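Each remark here refers to the structure printed beneath this line.
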Amino acid sequence: MKLKQRVVLLAILLVIFIFTKVFLIDNLDTSAANREDQRAFHRMMTGLRVELAPKLDHTLQSPWEIAAQWVVPREVYPEETPELGAIMHAMATKKIIKADVGYKGTQLKALLILEGGQKVVFKPKRYSRDHVVEGEPYAGYDRHNAEVAAFHLDRILGFRRAPLVVGRFVNLRTEIKPVATEQLLSTFLTVGNNTCFYGKCYYCRETEPACADGDTMEGSVTLWLPDVWPLQKHRHPWGRTYREGKLARWEYDESYCDAVKKTSPYDSGPRLLDIIDTAVFDYLIGNADRHHYESFQDDEGASMLILLDNAKSFGNPSLEERSILAPLYQCCIIRVSTWNRLNYLKNGVLKSALKSSMAQDPISPVLSEPHLDAVDQRLLSVLATVKQCTDQFGMDTVLVEDRMPLSHL
């Protein structure tokens, strides 16, 4: 090989080496914790596809008992879930033994009790997959398919803070009406040849019922968390006022995060990092409606922020509501594990993972292609926001080890 060719080859190899080093330094350091994050990501990807099957191997427990035992203060379900398919199959197929109006709230839902005594929340289909919800980010009815997609994204991000959700078809005439309470039954009506109901809620109206296709209604069912884990409601520190012309403090005060850090439960423990994880999660799904959140009671800030009520998402694939990321860009901190996971999911991996994870759901396809593309695009915005923070404050300040107290910030 001529000397000139050798020089060119060495130059190319040097460029490749430098690029590789820069990529690793910018995105993932080589600590033992981050190597474990990578192994966890590969385990998640390997077990991503959930086959809904009726059998529970190697146990005499019911699917409801197994799901209840999974719940601990920092996760709703564990990383390894070989029984997940059987539990979701039970949610989608078990006989409904009672139906009632949903718990308090603004949106239409029904509370169902399945064979074996398990409570689930049923949210009916209101829109086609291609429907675009115009207006404010929190406009429109709840989207049942958004609950399904949000649960699968929670799995992919490794948060494990969302209750189990699966799609289900129910026959309103044969499965619901015979076991419905009088309160729910009184809201049923017929529109054309379709059976409909409007339930009881703040915005529920007889003029705006949810209607089945004939008698068969598509919806989502969310597994009720065990009663031994009572919930506590909190006002989100980055919540909106929902009043025209009135801004929340975070919308005009650039030092707002400093004030939050001095307030319990954000002054120590994991709660502020949970808020920032949730901001990333909500931005990816297009949810600008998390004005409150729930944790477990009497937790002194140690409980996870539970990702409940995710149905005001996936309404408009063109939505780029950057204010959802305000906790991230105002505080400029993020968990190392979250940052690593987000990097593993770029370059189309997130879209592919979502499609694979949701492929076996009874209401598949859960999301339209524009919504899947939008999630990938929003991920780039999240990564860019973190980079702006690291450019300004440095990696050591922005990337926080998961179990570090916040007093160092």
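Glycine too: its Cβ is placed from the backbone N, Cα and C atoms.
Just so it is clear, the model here is predicted, and its values are computed rather than measured.
The ATP binding site annotation in TrEMBL covers Q107, K123, T222, L223, W224, L225, E294, D309. Summarising the annotation, TrEMBL assigns Mn(2+) binding site to D142, D309. Residues or ranges marked as domain 'FAM20 C-terminal' in TrEMBL: 191-398. The active site annotation in TrEMBL covers D289.
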Listed binding-site residues (L223, L225), ranked by Cβ neighbours within 10 Å, top entry: L223
Fewest Cβ neighbours within 10 Å, where candidates are the binding-site residues D142, E294, D309: E294
Extent of the ATP binding site in Å [max Cα distance among Q107, K123, T222, L223, W224, L225, E294, D309]: 19
Separation of alpha carbons, D142 (Mn(2+) binding site) and L225 (ATP binding site) (Å): 20
Distance [Cα-Cα, Å, rounded] between T222 (ATP binding site) and D142 (Mn(2+) binding site): 13
Spatial neighbours, same chain, of K123 (ATP binding site) - Cβ under 8 Å, 6+ residues apart: Q107, L108, K109, D142, H144, E147, G219, S220, T222, A311
Candidate with sparsest Cβ neighbourhood (10 Å radius) among Q107, T222, the listed binding-site residues: Q107
Integer Å distance between the CA atoms belonging to D289 (active site) and D309 (ATP binding site): 9
The residue listed as 'active site' and W224 (ATP binding site), distance between Cα atoms, whole Å: 21
Fewest Cβ neighbours within 10 Å, where candidates are the recorded positions W224, D289: W224
Distance from L223 (ATP binding site) back to D289 (active site), taken between C-alpha atoms, in Å: 21
